[in-house]
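Some features that TrEMBL has for this protein:
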- 168: active site, proton donor (ACT_SITE)
- 245: active site, nucleophile (ACT_SITE)
- 21-330: domain 'Glycoside hydrolase 35 catalytic' (DOMAIN)
- 368-474: domain 'Beta-galactosidase 1-like first all-beta' (DOMAIN)
- 503-560: domain 'Beta-galactosidase galactose-binding' (DOMAIN)
């Protein structure tokens, strides 16, 4: 490490007179890639960071999702796949500096933009503003997070060069400078006066106006449509040019085509920015996976966060990575040695799935707070409905999808914004079950206060339905405990029939092969639902809507010596052939082959 000769200490600073960064007194340009530890299994962190380093990057840009570490208020988790300090240490050992983005809001196409859902227990809370309830929660969180980060600052012997305050705040409607001033004071208090604090905003005057603040260095985001540093210069007349999010790809939503951003455009634009002396972060360098329920929404984001990035969802080098490496070679020395290879993949083949022979959903608790997954609302028909009668959500109160059954017979679904009415028939006193799926909270824009469940009345004909029983379904906890493979019966009210239509669990086993390699699970002919392997929630599948057709199964989730438990919750209807198949490659586009 070169030391600043004048002081003998490690320094990272902005040289405004020469429009550059200085590291230990010498000019410094970073070439960085975004990588999310929370979207990659811990066992693969080192592999991904090494591939970034061998591409020629000298930095990694890292978000910290608040809700991933404080899912329940006051309970903090920094262990296992949540061990931020271990990730920072691995980056340091690999030779990568870190550009840290601790929020408290991160967007990232992540559930509620990284904000914890428990904030919404105060129904009128104004997140991302100087609302006292919100600020108190932020204060408590940053008082835990930032002291963990401080030893990793470059000036303290670590590898964090700079720290972002909030994220793209200018794209939020509130434009609350008092909130940003409060954050600036908090970050200064915990991280000191010498740390470079910065903001990142999109390429419009409005976003740069509301997102920037004196004392926070203003950077900009833009993709392959053209260099936009002139707008950064309007708000930050001197200092280094920085593109904090140069888009190498884009995200996918259910029902759209798989995103593709041209490799030649990415490499040409990267070369243009680097030749200007700009520091550039590529978003994403590896996207990874929205495991479990962590995908964000306005329109729901798919489980894969492949992002058409230089490293694939499974961490494999792509042609885009090789093109980027050729560009970087012109500006700095590339590490010697081969690029680490793709992790081995295996097509384990077909696994038969058997419908779990129960008339129940597991683990029901009345009226407990539950932030993610599924809730069951149950009531009785108030009168005889012999003719098909509309069941309506008149105020669009299904958040986000509801699967309707009467006496265990599945009738169909209601869906937020698109399907607000369904016809039902039945006798007075018949049991109506409404299984509501939270498909991920809004992560961007003004509607981030995204309440889930039944948030307004359902009306049957002219009757407002009342007398609801509301059940939290701890499906994840139950499956992690071994159900249904363990054969332990839970006590809960009945809901499902023997039909293949409607919500039902299916179980199967992938026999051990003596090795545990990455694979890709395809549910051909299945409709929509959730998959667990060995108790771990892989995420959502929805091949009928697409584009994603396979789920990434990291090898470390599998056992090489014991049978691997596969559990599927199918919500609408299973195929006649209830097998699933493990392939050796991803299918992220509906238009790809159907093998």
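Placed from the backbone N, Cα and C atoms, the Cβ positions cover glycine too.
Unlike curated records, TrEMBL annotations are generated automatically.
Same-chain residues at least 6 positions away in sequence with a Cβ under 8 Å from that of residue 245 (active site, nucleophile) are, in sequence order, 34, 200, 221, 222, 281, 283. Around the Cβ of the residue listed as 'active site, proton donor', the same chain contributes 107, 200, 201, 202, 207, 211, 221, each under 8 angstroms and 6 or more positions distant in sequence. Confidence across the domain 'Glycoside hydrolase 35 catalytic' (21-330), taken as the mean pLDDT and rounded to a whole number, stands at 97.
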